[in-house]
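Novice: Sharing a structure with you now.
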Amino acid sequence: MTDDSMSSTEPKPVDELEVAPETGWDALYLDGEWVPRGDRDAIPVENPATRSTVTTVPSGTEDDVDDAFATAAAAQEEWAQRPPQERAAIVSKAGELLGEYADDLATLFAVECGGVQLKADFEVQLAQRMSEVSAGLATRANGRHKESVTPGKENLVVREPAGVVGVITPWNFPLHLTNRVIAPAIALGNSVVVKPDEHTPMTGGLVLAKAFEEAGLPDGVLNVVPGYGDEIGDHFSGHPVPSVMSFTGSSEIGRRVGQRAVGSYAEPALELGGNNAHIVLEDADLERAVDAGAFGSFTHQGQECISINRHLVHESLYDEYVAKLADRAASLPIGNPLEEGTLVGPVINESQRDKIVGFIEESTERGATVEAGGNHDGLFVEPTVLSGVDSDMPVACNEHFGPVAPVIPFETDEEAVRIANDTEYGLSGSVHSTDLQRARDVADAMETGMVHINDQPLNEEPHVPFGGVGASGMGRYNDDWILETLTTTKWISIQREPREYPY
Ligand code: NAD
């Protein structure tokens, strides 16, 4: 890491970006209005690369949360009555606008969450595809006609929007993870209140308000309340108005949000943490396994729920795999995300950095060896490869959420599966083998919601179900699976002939 790599590349002021609302970003979006911060406290948005404050946003209050849910509730019924093609058109248009704002979004990802250009491209494309798939849901919210065991009765199962949807999202893929809920929710006739993460209020919420506003969404259907999770989070998650409470974030907070949501009879939809294993069997194509391993570990500094958290490598390939992965880690350009060619930016904040560095240090004290990286400067943590790791070491048994690749050896396929499953999480994973049946057997035995053969865990396709088991969450996102969550069914029966009752 050189000083040059941390040069003070100054972004365009965020209020001057084309995507910025006329008020600038220091506002809430309520009932179709950009409401200035006024006398609310300010949340500073800090650029993790330069540590400078790029803007402030309002620290929303419990009263703001109440106003937003009341507004959403008032707007929902009329929105649901709009023809599905009209709802679909607005969702599609908002998705198109995200593409038009792609350059501005790349700047915002860089200054809010340290995202590099590659990650910005990936996230915007994913959000656009999610909007397309979600728009299609508007005309696919089908009911059913069911036979009846009662003579003369007709059974209808009618599908209706769930109502108001609460959305709490994290900072790592803020645009996509928020859009992944609001695009299908709005297409299906729901109204929404979003509380984005305090690090990413723009890309995690306000940008989407701007896109949907421009796309012609009626007032009140989408509302965004920036705010600190530990200040308004409990009030939000236990609110009596929403019917669905969607949360993406850590398992610890997710469990709390889920409990509070259920306490208010809202259905929780929880996408939580992961400890994903990348398994390299003895007959794997080593080059492919290393390529995948590097991408799955170091993309966005390893800060994805579906990043590789542990590499499990057969003992016969172990040394070569470690050496090649270490070469890859050492070759990745690290620096300010706004500098062309940067592939590894800063991690999000000091507490996250300290956690990652602590896991590395504690694991080396217990016998792990640093094969590449291991250093940090400010919030820049070098891509790090550790050998001699066993699955009890802190860097392996915790979700480290950093650019760290602990490599664990194993002897048999059964042992690899046992190590992979030795975690409370069950989100994603990958397995490499030149024998697809063998890889498939391992994939079947992995206790996760998703597994990718001869790839790495970092995959999402908007028409394919996404989600995990155990501490990784409840429910599935995307397409038909989120349609189930964001709608409710009602049984309407029609007794067409007089019915004979027993008395
Ligand atoms: P976090 O749980 O700390 O924060 C997520 C959100 O919860 C933020 O908006 C935060 O303000 C809010 N929050 C904090 N306290 C709250 C409370 N008491 N009540 C309600 N909301 C509260 O998570 P994070 O550290 O920002 O994100 C990283 C975690 O998210 C990792 O564990 C990662 O695996 C997980 N994640 C999961 C997915 C997925 O799809 N499964 C995707 C991305 C991230």
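Placed from the backbone N, Cα and C atoms, the Cβ positions cover glycine too.
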Novice: Of the ranges 1-20, 241-260, 421-440, which one does TrEMBL list as region 'Disordered'?
Specialist: 1-20
Novice: Scan 38-59, 346-367 against TrEMBL and say which stretch is down as region 'Disordered'.
Specialist: 38-59
Novice: What does the DSSP secondary structure composition of the region 'Disordered' (38-59) look like, as residue counts for helix, strand and coil?
Specialist: 0 helix, 11 strand, 11 coil
Novice: Given a separation of at least six residues and a C-beta threshold under 8 Å, show me what packs close to Glu271 (active site) in the same chain.
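Specialist: Result: Leu177, Phe247, Thr248, Gly249, Gly254, Cys305, Phe466, Gly467, Gly468, Ser472, Gly473, Gly475, Tyr477.
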Novice: Determine the mean pLDDT over the domain 'Aldehyde dehydrogenase' (34-492), rounding to the nearest whole number.
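Specialist: Summarising the domain 'Aldehyde dehydrogenase' (34-492) by its mean pLDDT gives 98.
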Novice: Where does Glu271 (active site) sit by DSSP, helix, strand or coil?
Specialist: strand
